[in-house]
Amino acid sequence: MKNKFIKSFLIISFISLIFACIFAYENPASGYESSIYSSTPILVWLFLCLAASIGYLVSLYSLKNKKHIGIFFGIFSLILCRVIFLTVPPIRGYVSWVGDHMAHIGNIKDIISFGTFGTLDYPIVHIILSAVSLICNLDVTPLSMYSTPFFTLLFVLSIYMLTKITLGNKYAYISLIAVVLFLPSRYNIYLMPNGWALFTLPIFFYAIFKYLDSKNHSWTLISILFLIIYPFFHPQVALYVILTLWLILSLKIFEKIIQIREVNNKIFLNSKGILINISIISLIFSAWLLKSKRFYPNFRILFKSFSGKATSSASIDSKLEKFSKVGMEGFSIITYIIKAMGSELIFVLMSFCSLLSFIKYYKNYSNKCGILTIFTITFLAFFLYVAVNLNIIPGLKSIGADRFIAYVSIFTPILSSIFIFSILKINKPIKNLGILIISIILISSSILGGLNMYPSNYTVLPSPQATLMNFYGYSWLFNNNHDEIEILSIMSVPSRVKDAILGISKVKNTPSRISLPDHFNYYEGVSLRDSVRKDSYVFISEIDRVTYTGIWENVGRFNNMDFEKTYSDKTINLIYSSKEDNIWLVQN
């Protein structure tokens, strides 16, 4: 492939990306969409696939032929594809995501309005985005939709940097291609402090490894800065960092013992930098933990778990129960797991193969301790995730260990580069057979991750889209209601929406939210007013109807007839109606 062909292909790639953005922007969402994949014009996806394919082929060809300019532009094209794919929703006019995303918007608005984060336990992300909003004069709500996809670029770059100092330059480009194509979790799109903190782990460990290699104290200062802010970034990540630092310390001591074949004080003195780091983050984390309002409830849960008094079942049992509710069993559960976790599992398997290769050719690696550390902390996270699902270790649920699957994904692109590099060299019995094998693996992982990125009927989940009509409906309700009246809804959480609209500090008097009874109790032959028995607002949105008459039809909570009966129910008064939301007043 000559240089002029590479240039031509790259031009086609960049033009495809421009067209993808144009078609996405010119076809905005007109309301709630149960699946962004089917609602977005197919040309958007085709142009993105074309650009990604060209970027991948150019970067792989240039890597094989050591053409650094080609590698740069090929990977740059892939990075642009990644960013555009993750920002298709806001480009098409999605206002916000439901749930915690809205609460974080409210926290940012409070910081902008009052200059304080109040009782918020982990305010780092909110402080950063409030500063960006003020400096750039950007509205918080759209900023929340674009910020995370762009922040993930730091993660992509830091994976390259960390691979370079642990495995070397030839592996760094491979891991960079792999991480750009790897879309393992929805932390890539949601505004979640836990996700942002996770994405900084590679740059933190880069600073740690640089200090261990060079003993340059400037890297110590950088690592200490991270250690100070991690408890306020997200406490779970801080706890994970403490565990990994102890692992690094243990590995360094073990390495020294093997080298000198004896134990003495010098071994511990040489590790004083790591000990100082552990002390700093442990002290700050302990102070944060004792202050946190969640400490004592979580401590009680932890104590009950270890004492055998906890009544909660294993996580896997609750998951099987949920599968049963939506009509899944046997092979359909396996299919779902492949859809939902296939991308992560592919990279975990490649990492395991890399571990076998690393053990076999251990002496060929210069930074053995660094590589072994990454293997250890990755498989530690995987073990904790499996343990919480199988209920092997009591108390793991109290620290949210079911989230550790995301921690597994952080470093697998680095580890997988060992396996990928070894396979790429295969040229028999077919020339470039290794390239073909790796291409199939990476493309399969990318497709599985991409199709799972946005909740849809593909993964039997409702889209978490919050529409402009939802905001208008709740704004009208909050401005015209009586604070003491309860709000009944199906999937909507009024307090979350009010967070996003008004800010956290103004949600003190939000009416409590109560879930509506199945079928509105119409099957019992009673009216909705008789079921409620007190003055209430009933909020029903399009997401409720679409979810329970489509994606979750097998759950059997509501059907089309139930929703139609609300219009003929004379005991309730329709006080607000829009294309997507209806609000009834129930008076008793």
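Keep in mind that glycine also has a Cβ here, set from the backbone N, Cα and C atoms.
Please treat TrEMBL annotations as automatic predictions, because they have not gone through curation.
These figures come from a predicted structure and were not determined experimentally.
Among the features that TrEMBL reports, transmembrane segment is placed at 40-63 (among others).
TrEMBL lists 70-91 (among others) with the feature transmembrane segment.
Same-chain residues lying 6 or more positions outside the transmembrane segment (111-136) and placing a CB less than 8 Å from one of its CB atoms are 104, 143-144, 147, 191, 193, 196-197, 229, 231-235, 288, 292-294, 503-505. According to TrEMBL, the feature transmembrane segment maps to 111-136 (among others).
Among residues of the same chain six or more beyond the transmembrane segment (143-165), those with a C-beta under 8 A of the stretch's C-beta atoms are 79, 82-83, 86-87, 89-90, 94-97, 101, 104-105, 108, 129, 132-133, 171-176, 179-180, 187-192, 195-196, 199-200, 202-203, 205-206, 209-210, 213, 367, 370, 374, 410, 413-414, 417. Taken from TrEMBL, the feature transmembrane segment covers 143-165 (among others).
Counting residues 6+ beyond its ends, the transmembrane segment (196-212) has Cβ neighbours under 8 Å at 124-125, 148, 151-152, 154-155, 158-159, 161-162, 165-166, 187, 219-220, 222-223, 226, 230, 233-234, 237, 241, 244-245, 248, 252, 273-274, 277, 367, 369-370, 373-374, 406-407, 410-411, 414 in the same chain. Positions annotated as transmembrane segment by TrEMBL: 196-212 (among others).
Taken from TrEMBL, the feature transmembrane segment applies to 224-249 (among others). Residues 121-125, 193-194, 196-198, 200-201, 203-205, 207-208, 271, 274-275, 277-278, 280-282, 284-285, 288-289, 292, 373, 376-377, 380-381, 399-400, 403-404, 407 of the same chain, all 6+ positions outside the transmembrane segment (224-249), place their C-beta atoms under 8 angstroms from a C-beta of that stretch.
Summarising the annotation, TrEMBL assigns transmembrane segment to 269-290 (among others).
The transmembrane segment annotation in TrEMBL covers 333-359 (among others). Tertiary neighbourhood of the transmembrane segment (333-359): same-chain residues 178, 182-185, 320, 323, 365, 371-372, 375, 378-379, 382, 405, 408-409, 412-413, 415-420, 422, 441, 444-446, 448-449, 451-452, 458-460, selected by CB-CB distance under 8 Å and a gap of 6+ residues from either end.
The transmembrane segment annotation in TrEMBL covers 371-392 (among others).
Within the chain carrying the transmembrane segment (404-424), a Cβ under 8 angstroms from the stretch's Cβ atoms is held by residues 64, 155, 159, 162-163, 166-167, 170-172, 174-175, 178-179, 182, 184-185, 187, 194-195, 198-199, 201-202, 240, 341, 344, 347-348, 350-351, 353-355, 357-358, 374-375, 377-378, 381-382, 384-385, 388, 434-435, 437-438, 442, all 6 or more beyond its ends. Taken from TrEMBL, the feature transmembrane segment applies to 404-424 (among others).
Taken from TrEMBL, the feature transmembrane segment applies to 433-454 (among others).
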For the transmembrane segment (70-91), sequence-distant contacts whose Cβ falls under 8 Å of one of its Cβ atoms, 6 or more beyond its ends: 3, 6, 10, 13-14, 17, 20-21, 24-25, 36, 40, 44, 48, 51-52, 54-63, 142, 145-146, 148-150, 152-153, 156, 173, 176-177, 180-181, 183, 188-189, 450, 453-454, 465
